[in-house]
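Novice: Summarising the annotation, TrEMBL assigns xanthine binding site to L20, N27, K157. TrEMBL lists A129, N130, G131, R132, A133 with the feature 5-phospho-alpha-D-ribose 1-diphosphate binding site. TrEMBL lists 34-164 with the feature domain 'Phosphoribosyltransferase'.
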Amino acid sequence: MKSLQEKILKEGSVSGSDILKVDSFLNHQIDIRFLNEIGKEFKERFKEDKVDKILTIEASGIGIASIASQYFENVPVVFAKKVESKNLDKEVYETKVYSFTKGKEYTVRVSKKYLNKGENILVVDDFLANGRAVLGLNNIINQSGANLVGVGIVIEKGFQEGRKVLEDEGIRVESLAIVESIQDGKVVFK
Ligand code: G4P
Ligand code: NA
Ligand code: NA
């Protein structure tokens, strides 16, 4: 997605050797007009597929999924929760996710009420790094008996193993921008 590459070059910045910061439009301030373009592009990529629900993970995935859902006949958006809440139903699907970026393991959970057998689920998220968050969501989808249609990612870091990890599981990955490398603080696209 050309406009996304341009936006990353214009507004993004590099932190350390492998972190791309896009706080001005995706991870802190949110550019709604631009998220609409992203939502339309996800619909274009998955227009042949039946999608009953969009699943994401808090926090940054929620805005992306919510805007995208409007281009998928307003299907519901469900987000996996990272924080244990007293109010969350006791009946949950849960799984552990190890984050290499953060160097720690965390648990994600979705109430059994909101994922059902036979539903077709599109997963969306902001970044694909090592793929562990999406693998966790796939695990939860499998527990529920729903089907994973595919994964829509805004920015894939092509120099990390996420795509391989997911494709090895037979998961279809559609990324709107793929960063091939970060060299001397500069972003290079595939
Ligand atoms: P993985 O799921 O692909 O294995 O990713 P990993 O655990 O390594 O990433 C942990 C968090 O860091 C995720 O956000 C992910 O979106 C984010 N992340 C990874 N690489 C980058 C990057 O280059 N730039 C930015 N901006 N974020 C990156 P999270 O913990 O789920 O937090 P949230 O932002 O969704 O709340
Ligand atoms: Na994320
Ligand atoms: Na993030």
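Cβ coordinates are placed from backbone N, Cα and C, and glycine is handled just like the others.
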Novice: Grab the pLDDT values for the domain 'Phosphoribosyltransferase' (34-164) and give me their mean, rounded.
Specialist: 96
Novice: Give me the sequence-ordered set of same-chain residues, not including L20, N27, K157, with a C-beta within 8 angstroms of the centroid of the xanthine site's C-beta atoms.
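Specialist: Leaving out the recorded residues gives G12, I19, K21, V22, D126, F127, A129, I155, V179.
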Novice: If you count other CB atoms within 10 A of each CB, which of R132, K157 wins among these binding-site residues?
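Specialist: Checking each of R132, K157, the winner is K157.
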Novice: Could you check which of the binding-site residues A129, G131, R132, A133 is the closest Cα neighbour of K157 (xanthine binding site)?
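Specialist: Closest candidate to K157 (xanthine binding site), judged by Cα separation, is A129.
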Novice: Take the C-alpha atoms of A133 (5-phospho-alpha-D-ribose 1-diphosphate binding site) and L20 (xanthine binding site) and report the distance between them in angstrom, rounded.
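Specialist: Computed Cα spacing between A133 (5-phospho-alpha-D-ribose 1-diphosphate binding site) and L20 (xanthine binding site) is 18 Å.
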Novice: Where DSSP helix means H, G or I and strand means E or B, what are the helix, strand and coil counts for the domain 'Phosphoribosyltransferase' (34-164)?
Specialist: 41 helix, 46 strand, 44 coil
Novice: Roughly how many Å lie between the Cα atoms of A129 (5-phospho-alpha-D-ribose 1-diphosphate binding site) and L20 (xanthine binding site), rounded to a whole value?
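Specialist: Between the alpha carbons of A129 (5-phospho-alpha-D-ribose 1-diphosphate binding site) and L20 (xanthine binding site) there are 11 Å.
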Novice: DSSP secondary structure for L20 (xanthine binding site), reduced to helix/strand/coil, please.
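Specialist: Going by the DSSP assignment, L20 (xanthine binding site) falls within a strand, counted as strand.
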